Every structure is written in C-alpha cells, then in structure tokens.
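Peer 1: Sharing a structure with you now.
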Amino acid sequence: MQKKSIAVLFGGCSGEYNVSLSSAASVIENLDTEKYNLVLIGITQQGAWLRYSGTVEDIRNDRWHLHPSCIPSFFSPSREVKGLIELVHTEYHVTPIDVVFPVLHGKYGEDGTLQGLLELSGIPFVGCGMLSSALCMDKELAHKLVQAAGIDTPRSLTLHRSERVEEVLPAIEAMGFPLFVKPARSGSSLGISKVNNRQELINGTEHAFIHDSKVVIEQNVNGFEVGCAVLGNSDPIIGMIDEIELQGHFFDFSEKYSLISSKIHLPARIDEHTARKVKESALTIYKTLGCRGFARVDMFLNNDGRIVFNEVNTIPGFTSNSRYPNMLQAGGMTYANILNQLIDLAIDEN
C-alpha cells in the first residue's frame, strides 16, 4: 500500500511555542514511518515557515530552525495544488500532501486561522474546522453557545480594550470575589489571574489585555476540574476522565507543565453516575461547538454536584505525558493508535 504524506506543523508565533515543540516531538516519534512519509514544517516565533529535515531532538531543544536543511515553504491556497510549495534555490517545487497534522497551540494555531487556510487549500487536516476552532478559542462565545445547549457556565462579564474596568466595577463586584480574569482568546492559562479585591482586579485586567483585546471576568467555581478526551467525528468516544487536584490558587501555565504542587488523578475520584453525567456533558459541548477529530473538554464539578463548563482545547497538549493521550491510553488505546485514528478521521471527514 502506498504511503501517505503527512505534514506535521509545529512551532508558531504564539506564547505556546515551546509547548508545541514538545508535543510535536512526541507526535513525530510515534507516527508509523512504515505507513507514512513525514514532511516536517516548522513555524518560527517570527512567523517564517520552514520545511525541516533534521532530528526530533533539535525540535525538542529549539535548534531546528538553525539546521541547514531548512527550506522556505508554505501551503498553496489553490485546490489544484493540494501541497506544500518550497523555494529551492531560485525555483519553486511542490510536495503533494495527503493530510496535515497541526501540532500548534494558541494564537494562529488553534484559533481557526490555520484551519481557514487549510480549508481553502482542500488538504485534509487533523482536528476541528475553522469555525469550531475559532468558537472554542473564544471563551465568551463558547460559553454562550454551551449555556444555550443547557450546560451551566460560570457567571461572567466581558470587557473590551476600549472600555475601562472602573466603569463596570459595580457589576463585576456583584459577582463576588475571588474572580478569574482571562484573555478571551488565549491558551495554557497565559494571562490569567485570580483576583481577590478591586486593585488586583484592575492589575489583572491590565495583564490580560497584554494577551488579547477582549477579557472575560469570571466567577470562581467552588469545586474541582475534570477533563474528557474526546476522539471522533459524528460518533465520538471518550477516554477515562481525569481530575486536577490543586494545591495553589489555580492551574496556571507553570503548574500545567511542571505539576510542582498539583496532582492529576486518572481516573477521576468520582462515582459512576457522576462520570456518566460528565461524559454526557462533554459530548453535548463537543457537538454544540461543532468539534471534530479530537478535543479535550474541561469542566468543573461544583461542590453541590453541578457540572459547569470551563473550556475546550481543540489541539490539546500531545506529549507522551499530556492529559489528552493519557486519558485515552487509560481507556486501552496506544499513543500510536490515537495518531492513526486522527489521520483516518481527517481523511474520512474530507
């Protein structure tokens, strides 16, 4: 059987660049090279696209862009091409691509921007489409849609850069401290603050506006976070539910990737009835937001037993230690099999 050409995208000009390198290194190491020809495409932090033919270790250590194999390249938006255009010396060459596997996190990677380009190109790609990616990335819009589908969401207020936080202080303070201040469109908890008073709120809002022009101020949920790894298109499956046990204020960027004081329990410490409700809610959220391929759906279990939506990660972390593959592996799948299924789902969807 003829091998399929899989383009793996990594890097990107977002604050989650290094997370992408770690995820991509694991993906590349676990893709079956007897089934696939791998075409590696790195995006520098400055936004340059380069085809790369060096080692995985140089990706992991962020030395890939210094490798002499790097060739300027980009996907053609023309459906007649369906491939990668590379500048070799003074000539353009085309490498046909069967499936694109984006391993990009955050801005320009999982916010619909890249997905729009790939939909124009007609090349099948792993994961959610343009609209779904954009909706899931926007915390305000995602919460409104999920709430309309009957799932609880935290009380919140949205603030734009053109507005002053002082003008809406009474409405914000009516929600009661502590509050979470979040950039509306950012991942890995970048720019998020937990605030306990008016001055912290003002400072947290200024910090969040560094990351986005829209900020969501959200009520604290008393309870703990659970996650669901969802895999599939029209009939998705869910892996084993995990639970985050916090020791600090919240699951921030450094804690997500170091677990210095937090613990992840797999399986989550919940009964079967609650687990069934969590999975049902995850499927409702996944379908409401138009997800396909894969996503990690994060929710809170309130102290009173209510399930409260948090967010959807359309390209979750994918290192061998990341929550998404671990939840599916706990359900009996291998890491390599997860990758094979994602590629098959991308082809089926197209």
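From the backbone N, Cα and C atoms, a Cβ is placed for every residue, glycine too.
Grabbed the feature section from TrEMBL, which reads as follows:
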type     : residues                                   : note
ACT_SITE : Glu16                                      : active site
ACT_SITE : Ser188                                     : active site
ACT_SITE : Ser322                                     : active site
BINDING  : Lys139, 180-182, 188-189, 218-225, 310-311 : ATP binding site
BINDING  : Asp298, Glu311                             : Mg(2+) 1 binding site
BINDING  : Glu311, Asn313                             : Mg(2+) 2 binding site
DOMAIN   : 143-344                                    : domain 'ATP-grasp'
Peer 1: Report, as a single number, how many Cβ atoms besides its own are within 10 Å of the Cβ of Asn310 (ATP binding site).
Peer 2: 22
Peer 1: Most Cβ neighbours within 10 Å: which of the binding-site residues Glu218, Glu311 is it?
Peer 2: Glu218
Peer 1: Who sits close to Lys139 (ATP binding site): which same-chain residues at least 6 apart have their Cβ under 8 Å from its Cβ?
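Peer 2: The answer is Lys182, Ala184, Arg185, Val216, Glu218, Glu311.
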Peer 1: Give me the long-range Cβ neighbours of Asn313 (Mg(2+) 2 binding site): same chain, 6+ apart, Cβ under 8 Å, in sequence order.
Peer 2: Glu110, Cys136, Gly187, Ala295, Arg296, Asp298, Tyr324
Peer 1: Out of the recorded positions Glu16, Val181, Asn220, Phe224, give me the one sitting nearest to Ser322 (active site) by CA distance.
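Peer 2: With Cα distances computed to Ser322 (active site), the winner among Glu16, Val181, Asn220, Phe224 is Glu16.
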Peer 1: What's the CA-CA gap between Val181 (ATP binding site) and Glu16 (active site) in angstrom, rounded?
Peer 2: 19
Peer 1: If I take the alpha carbons of Asn222 (ATP binding site) and Glu16 (active site), what is the distance between them in whole Å?
Peer 2: 28
